[in-house]
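Asker: Pasting the relevant annotations from TrEMBL:
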- B:31-48: transmembrane segment (TRANSMEM)
- B:54-77: transmembrane segment (TRANSMEM)
- B:84-102: transmembrane segment (TRANSMEM)
- B:108-127: transmembrane segment (TRANSMEM)
- B:184-202: transmembrane segment (TRANSMEM)
- B:232-258: transmembrane segment (TRANSMEM)
- B:270-294: transmembrane segment (TRANSMEM)
- B:306-330: transmembrane segment (TRANSMEM)
Amino acid sequence: MTAALLQVERLSKNFGGLQVSADIDMELHPGDRCALIGPNGAGKTTFVNLVTGVLSPTAGTVRLEGRDITGLSAQARVRLGLVRSFQVARLFRSMTVREHLELAILQRERRTWALFASVGRTRGLAGEVAGLLATMGLGAVADTAVGQLAYGQQRLLEIALALALKPKVLILDEPAAGVPHSESQRILDALDRLPPDLAVLMIEHDMDLVFRFARRIIVLAQGRLLCSGSAADIAADERVREVYLGSRGHAAHRA
Amino acid sequence: MTAAVTKAPAGATAAAITAIPPRPSRAFRDAVAVALIAGGGLAAYWIFPEDLGLLTRILATCLYVLSLDLVLGFCGIATLGQAALFGTGAYAAGIAAVHLVADPILLLVVGGVAGGLMALATGALVLRAHGLTLLMLTIAVTQLLQELANKLRWLTGGSDGLSGVEPDPVLGLFRFDMYGRTSYLFALAVLVVGVVVAQRIVRSPFGLACRGVKEDPLRVAALGGSPRGHLVGMYTVSGVFAGVAGALTAVTSGIVGLDSLSFTWSAEALVMLVLGGAGHLYGAVVGTVAFMGVHHVLASTNPFHWMLFIGLFLMAIVLFAPGGITGGVARIAGLVRRRAP
């Protein structure tokens, strides 16, 4: 058993009297391919925001490689290797794909204060960018402004940007959101090429994608951890079916 | 494959509809722009030997507007306080010239350092705000400094202005003559150096990060960067440029007035930049030359109504060429390139 990269212990968040996350425990190990699912309002987004440092928890701790990072800012966590992608692609619309990756790599290397250096002549940069472009299948659009990319390609770039930061833990917030079903295969192919020792946590609604990608699934319901297990366990779990189908079954019954 | 037939640039997809010759590389375009500025400047020296005073003022103003482009065009900082940085440089150089040193290049350094420090100090404070609040704060800083310069009469000359700036010959060789030839060529050299340095900065990793901050500061933070740090950094760089521009004006004109710290002077920089097109560097030069040139011609031919024509000119540009003059030209060039067989 390898040591946990990311450890979340009894993480809770209250907004006033409303408890949106309660006592969530979770661990991610190197090479994990984990999915976080749950019905709308289960607290998935809050959980991601707590782990990445956008929100600070009411109670509980988050550890990265054993180090307590609960009090660190989102930026500091990124620099330590806890990186997320965004549900709605947040990109710099007038910049090209190449410039995005250059910026991310330079940021990782803390070289964005080089006032008189040349981006084009930064050693090793062009090669690394080319590698990322190839991994994500974005080579043909490297010099296209992001505003002109198809949505699926923007999603791929979003993942590429996260990868450019050389994360240890990668949180993918609905990587296929808004992508037509026919194209989600390309996203999945790209996810298959992620570095094997990277720990990945994916938040996703598309169950097809979840079952094909994840080797372990965590289910949240009403801010609590409902259960976790392999895809087969989850598919067979009565409680999961209930939280997903409960309200819908009820509606169907009434109709 | 059609791409081979039409000689589309490498890397273009099959969707490269018609033959579009490759855009010249950025480095090449930058070099051409510098050559055009230097060549145009020298040509003006021969063509308008009677107007060197005006032309020198235009060159120094180009550098000043360029400094605004660095923050507005490349960082998206909306400011109406650029004159604070320009005036700080002008007064610092002027006071140094009267009391301390007379070497013109050293005076530019004094102006640049002063402008940079002023930008660093005020930027660290006001860049916490955004949008309209930021705009108000930059105006407030300018007003404060102007009032300060007005009150410190013993040091700045107050409303009479600071006179008696008499710099030594440039490099000990070229004396500032009464026809303004040395002033003009000195200003041109400083502008060309300024443009080259600015090009270098906006193409650097720092410049790239600033462009990111301009578009989405939160996304830069999510990449682990510090958006505000970069804003303050670029504001400081801009302060150095504005300070040098102020010092250049002081050195070449021999006086520094309170108008160098005025709200109007800040606003005019914005007008000239929007006219030329923000975010290109060259827009600053084109806009300044166009604005001050038209201003000069109209004011001398029709001293009563020239403001009206300036206003109409501006409205036409903003309505029909939102990217300013350079943006409009680039669009036309793009059309021509696509039409070309």
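Quick reminder: no glycine exception, Cβ is built from N, Cα and C everywhere.
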Asker: Can you tell me which of B:184-202, B:232-258, B:270-294, B:306-330 gets the most C-beta pairs within less than 8 Å of the transmembrane segment (B:84-102)?
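Answerer: Of the candidates B:184-202, B:232-258, B:270-294, B:306-330, B:232-258 scores highest.
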Asker: Below 8 Å between Cβ atoms, which of the listed ranges B:54-77, B:232-258, B:270-294, B:306-330 makes the most pairs with the transmembrane segment (B:184-202)?
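Answerer: Most contacts with the transmembrane segment (B:184-202): B:54-77.
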Asker: Among B:31-48, B:108-127, B:232-258, B:306-330, which stretch has the most Cβ pairs under 8 Å to the transmembrane segment (B:270-294)?
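Answerer: Between the candidates B:31-48, B:108-127, B:232-258, B:306-330, the best contact partner of the transmembrane segment (B:270-294) is B:306-330.
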Asker: Within the same chain, where does the transmembrane segment (B:232-258) have neighbours whose Cβ lies under 8 angstroms from its own Cβ atoms, ignoring anything closer than 6 residues to its ends? I mean 6 or more beyond.
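Answerer: Residues 56-57, 59-61, 63-64, 66-68, 70-71, 74-75, 77, 82, 85-94, 97, 104, 107-108, 110-120, 123-124, 127, 146, 149-150, 156-159, 161-167, 176, 180, 183-184, 186-187, 190, 194, 198, 201, 206, 210.
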